[in-house]
Amino acid sequence: MLERCPWKLISSPRNIPARSFLNSRGTYLVLRKSNILPLQHILRFSNFASKQCFPLRNGNNSASKALWNNKSKEKEPLNTSVKLASDVPDDKNVTGQMIVKDMLQYIWPKGKTNLKVRVVSALALLVAAKILNVQVPFYFKSIIDTMNTTLVQEVGALWSTVGAVVLGYGFARIFSTVFQELRNSVFAIVSQSAIRSVSSNVYQHLLNLDMNFHLSKQTGSITRAMDRGTKGISFILSSMVLHIIPITLEIAMVSGILTYKYGPSFSAIAATTVALYALFTVRTTSWRTVFRRQANAADSKASAAAIESLINYEAVKTFNNESYEMSRYEKHLSAYEKANVKVASSLAFLNSGQAIIFSTALTLMMYMGCRGIVTSNLTVGDLVMINQLVFQLSIPLNFLGSVYREMRQAFTDMEQLFSLKRINIQVKEAPDARDLVLKGGSIQFDNVHFSYNPNRPILNGCSFNIPAGAKVAFVGASGCGKSTILRLLFRFYDTDSGKILIDNQRLDQITLNSLRKAIGVVPQDTPLFNDTILYNIGYGNPKASNDEIVEAAKKAKIHDIIESFPEGYQTKVGERGLMISGGEKQRLAVSRLLLKNPEILFFDEATSALDTNTERALLRNINDLIKGSHKTSVFIAHRLRTIKDCDIIFVLEKGRVVEQGSHEQLMAKNSVYTSMWHSQESPFGESNKSGDA
């Protein structure tokens, strides 16, 4: 049995690009006022992760409001390939605040009590760990002062006093570490669940995006963006709960102790250190983000170039363009290298600046502590405690700097992933859409207008009727709209105007799942997965048994061919089916179609790439399957002799049906179809109207 994941359609809010940014003064407003208490510095700094990691849009901008309120409901026309790029939101328009807002729903998910309990438990454990952690300097002070003042006492009494303090110190250290590790373990499930949910949602959204998007984007860059984005999610989630909150709490507690125990001079140095450290980190990291974006862009281009050349390996070889492909790849790698050198150099500058700020503060505090001992205002234990508190402050500060830096990098990595989520799905189900009720499979196009490019209409008032159970064909010159009819019937695109009906039911009022389930297609170039023949045939019906798959292959007259392979149905077909012949690929497509068993069959130039003998054999096979099935079958063909026996032949010209009828009726008209027939029958493709039909 084959296993598949069910697909379902999801919707996404429209993303409206906007170019408006928060005033730079607002970015560091929290650090500008010198009289703000240290605790206010610390608590407000934690908001940088969500509000100031990226420039925000101006709240007065109408486009920005439309993005958040999703009030824009007007229907967009189908776009040109040039306009396609504008439909894909620029990743710079996705701000850190948007990403954090999206991520919060995964940290505190609705309807998942077990995950919420884990979040609360993790927060409780981190508070307990930090409370125990700040006890360590007190124990150090107590040990030093006790030993300094009780040396004249008996050794037993000294050990009794100091031993109790040492045990307390050990208890605080051990359980602080235990609580931290328990917190990490408890929160791991929340983090991994969020990564799975985000990745699944983005992938599902990509599957439901319009054909426009997939025709205009490089697969390599999309997969690379998803890979970087999921790694960024892991870091952001762990940072928000496991780093930002505990770091903020620890800085607040250490600053409060310094203020309470040693007065405003020590607290002023601590506050100034935190402020300067945060300001320097934010400014420098903002500057470094540009280099990270450049590295990501080069990385995506290199990945896309490599995947594209490997997919088209045969073309690379036949045109002897290995050196050209290598030069393309090397060009992107060179850009990636240069950007990463800038990232590394700017990181060295950031680390040096942070070390200078902290070391200066440590030196000042130690000087003040020594002076306090000389004046008998402080004890040696106080000096040790100050030293411990300052180093205790250094740990969260260093973490805060590195976490902020890594969060900015993670946000940059996640920009494109979340921009993919915000791409609008143009083809959507109506809120009151109903399942298609088939009554034979009649198809009607009523004055349909459609264009991929507004300057180049494809269908221009196209109208026709296909009776239920009929065998029909569409013919015409390349670009007249034959394959477009199939795409519109599948609702890969919506019409610009006009109606399409199946059994008198409008397509835009039918659920997409029931519509696409009712139609099967054998395309000109059959898309095959790099998997076994069994898997590829079974893709027509993921629930089919192996016996049903074999039966479909027998009906398509390919079972004996498959059995002749050394591995039979377990034979791998290779990338895009390149390891089997064209005729075998098309027979696999017919097998897949039979397994799906739809009511409407489409053959989109299914034999155009085959040799004459293979084409005739496959057509005989297809005709045998259609006879007696009472299914509506539609053929699109360039070779008119392959559709000569159709009940109705529609001749398309300039996006309209200009002639219709059987082969004999159309030949009797001696018009467009007749000219096409004689042109193909002539040895050199020249029209010969004097010949017999």
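Yeah, the Cβs are placed from backbone N, Cα and C, and that goes for glycine too.
The topological domains that Swiss-Prot gives for Lys101 and Leu333 carry the same name, which places both on one side of the membrane. Working note on the binding-site residues Ser352, Gln354, Ser483: by count of other C-beta atoms within 10 Å of each C-beta, Gln354 ranks first.
Max Cα-Cα distance over the annotated ATP binders (Tyr452, Gly476, Ala477, Ser478, Gly479, Cys480, Gly481, Lys482, Ser483, Thr484, Ile485, Leu486, Arg487) is 19 Å. Residue counts of the topological domain 'Mitochondrial intermembrane' (368-382) by helix, strand and coil are 10 helix, 0 strand, 5 coil (DSSP-based). In the predicted model, residues of the topological domain 'Mitochondrial matrix' (405-693) average a pLDDT of 85.
Neighbour counts were taken at the CB atom with a 10 A radius for the binding-site residues Arg292, Arg487; the maximum falls on Arg292.
Cα of Arg288 (glutathione binding site) to Cα of Gly481 (ATP binding site): a distance of 50 Å.
Most Cβ pairs within less than 8 Å of the transmembrane segment (119-140), among stretches 262-282, 349-367, 383-404, belong to 383-404. Neighbour density around each Cβ, counted as other Cβ atoms within 10 Å, peaks among the binding-site residues Ala477, Ile485 at Ile485. Outside the transmembrane segment (349-367), and at least 6 residues removed from its termini, the chain residues within Cβ reach (under 8 Å) are 266, 269-270, 272-273, 276-277, 280-281, 284-285, 288, 383, 386-387, 390-391, 394, 397-398, 401, 405.
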